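Chemist: To start, I am sharing the structure in question, which I have written as structure tokens.
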Amino acid sequence: MLKSVIENVHALEIFDSRGNPTVEVFVTLSNGVVGKAEVPSGASTGENEAVELRDGGSRLGGKGVMNAVNNVNTEINDALKGLDPHDQPNIDATMIALDGTPNKGRLGANAILGVSMATAAAAAKDNHQPLYRYLGGTDLEMPQTFHNVINGGEHADNGIDIQEFMITPVAKTSFRDGFEKIVNVYHTLKKVLEDMGYETGLGDEGGFAPNMKNSEEALKALHESIIKAGYKPGEDIAIACDCAASYFYNKEDGKYHLEGKVLTDEELADYYDKLLDEFPELISMEDPYDENDVEGMVKFTQSHKDRIQIVLDDFICTNPKLLNKAIHEGAGNASLIKLNQIGTVTETLETIRLSRKNGYNTMISHRSGETGDTFIADFAVAVNGGQLKTGAPARSERVEKYNRLLEIEEELGKGERLAFFPDNVDLD
């Protein structure tokens, strides 16, 4: 039987959950098998992320992606024809070399990632395997999910500076059991917010976007909702935050402008300590300091690494070189993993391996501009990612991922392994 090879790579411009253009890619093999991928995009982006190629000009507010689409349909298609779709490292290395820039800025990370993901999808189909099995083999684990149920910062038009307030099921008997707990708290939260006099419109990631005064009020609403839903804060459901501190850091004075206050590194740490003392169920903080504030991040890690999970997002941008630097500096104890920050499946896997080797947890993540593509659900299971965040249990582009995880759990059958976090954090 002849080995299948890539016959054609084709892209077109589609739209994401924010109504912005993005790239969809189809990889067709010589035996007729087709793999498809849709590329997400972020609103809160790190300085060191791989570059999305946007068209500029007046069409679609300058956000069109026809140049990226054309790059797929011409240069990338020509370069990949005849290659083995099962050799993912070679596919990705070929595109990186073809691009020739350190940030994928010539062809576009949105073009390259779409092809990388679609190739993996095609190869899995060619093997008659689900994507999670093709990428991950047999020793698989269902991830613990983190759900952004109150949106602030760049993800909502309200007065909260911290970007995401998440809930996570720390006690569960199955993925479905944990997800049902989250759904119960989510619906309870809506009623709690209404009783507090807030509107319950949704932000980009399906969470509510109430115009609250400060982050403490958001945490109080979550705490109350967990209890009213019939659960114990910290024992059944815990809380996590994405601070996205780069968005309230002022480069001119080197201080953090947060909720009407101007704070130094030390004062910001005191502010976080106040929240942690008041809400011991708060177990994880993402990007608590600006992506260039190495001193602040390292000091906070030294003083808090045994108390909470400190997740690096903008600080490392899923880049193994930046992660290696953070490891040597002693920053953080967990890595946020976003495929489109680095731009290929292979490089994403490299960052995950480096994280594991150095004792860092990993949290696979969606972006605020999403599509119905469920690649990251399979990916999180395949790499035993441990943790996954992909929004609230609302808006179809978010729920599609959770529904895919429910399908995967059913396919794995009884006895599937569950990721649990925290296992090193004292919640008493």
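Cβ atoms here come from the backbone N, Cα and C positions, even for glycine.
Take a look at what Swiss-Prot says about it:
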type: ACT_SITE; residues: GLU205; note: active site, proton donor
type: ACT_SITE; residues: LYS338; note: active site, proton acceptor
type: BINDING; residues: GLN163, LYS338, ARG367, SER368, LYS389; note: (2R)-2-phosphoglycerate binding site
type: BINDING; residues: ASP242, GLU286, ASP313; note: Mg(2+) binding site
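Could you tell me the structural context for the features on the list?
Modeler: DSSP assigns GLU205 (active site, proton donor) to coil, not to a helix or a strand.
Within 10 Å of the C-beta of LYS338 (active site, proton acceptor) there are 24 other C-beta atoms, taking all protein chains into account.
Cβ neighbour count for GLN163 ((2R)-2-phosphoglycerate binding site) (all protein chains, 10 Å cutoff from its Cβ): 28.
Residue density at ASP242 (Mg(2+) binding site): 26 other Cβ atoms are found within 10 A of its Cβ, drawing on all protein chains shown.
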Chemist: Among the recorded positions listed here (GLN163, GLU205, ARG367, SER368, LYS389), which has the Cα closest to the Cα of ASP242 (Mg(2+) binding site)?
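Modeler: Checked the recorded positions GLN163, GLU205, ARG367, SER368, LYS389; minimum Cα distance to ASP242 (Mg(2+) binding site) goes to GLN163.
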Chemist: Run through GLN163, GLU205, ARG367, LYS389 for me and report the recorded positions whose CA is within 10 Å of the CA of ASP313 (Mg(2+) binding site), in sequence order.
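Modeler: For ASP313 (Mg(2+) binding site), the recorded positions whose Cα atoms are within 10 Å come to none.
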Chemist: Please report the Cα separation of GLU205 (active site, proton donor) and SER368 ((2R)-2-phosphoglycerate binding site) in Å, rounded to an integer.
Modeler: 6
Chemist: Helix, strand or coil: which one is SER368 ((2R)-2-phosphoglycerate binding site) in, per DSSP?
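Modeler: Going by the DSSP assignment, SER368 ((2R)-2-phosphoglycerate binding site) belongs to neither helix nor strand, so it counts as coil.
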